[in-house]
Amino acid sequence: MLSNIIPLSIGAALGATARWLLNLAVPASLSPATGNLFANWTGAFLIGIFAETVNHPQWKLLLITGFLGSLTTLSGFSLETVTLLQSNRPASALANIFLHTAGSLLLTWLGLKIGTAVK
């Protein structure tokens, strides 16, 4: 059990830190939602690669469950979308939904293709 908790925890700490740093790196002139969009797109792309290339169970725990689970954020996406709706910005809310969903699906597919190619 501990042999699973350690890699999971390390990955989660690294993923949360990466998301925080990514949000800090987004220029203030962009929407606050941009950092989470980039985090979700990055996670979608990497999960495709890792799903095809990582076989060891503890590395999967570290990279997929821990790191990518903390890097990506459905709750942040949900809050941003609802906030846009509450601010009477339905077009921005719909754009946010589309960009997160379509972008993540496309990047996961691309990551799977790349992961298969390098396997």
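Glycine is treated like the rest: Cβ placed from N, Cα and C.
The following features are taken from Swiss-Prot:
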type: BINDING; residues: Gly69, Thr72; note: Na(+) binding site
type: TRANSMEM; residues: 5-25; note: transmembrane segment
type: TRANSMEM; residues: 30-50; note: transmembrane segment
type: TRANSMEM; residues: 59-79; note: transmembrane segment
type: TRANSMEM; residues: 92-112; note: transmembrane segment
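Taking the Cβ of Gly69 (Na(+) binding site) as reference, residues of its chain lying under 8 Å away and at least six apart in sequence are, in sequence order, Gly11, Ala12, Gly15. Counting only same-chain residues at least 6 apart in sequence, those with a Cβ under 8 Å from the Cβ of Thr72 (Na(+) binding site) are Gly15, Arg19, Ala39, Asn40, Gly43, Ala44.
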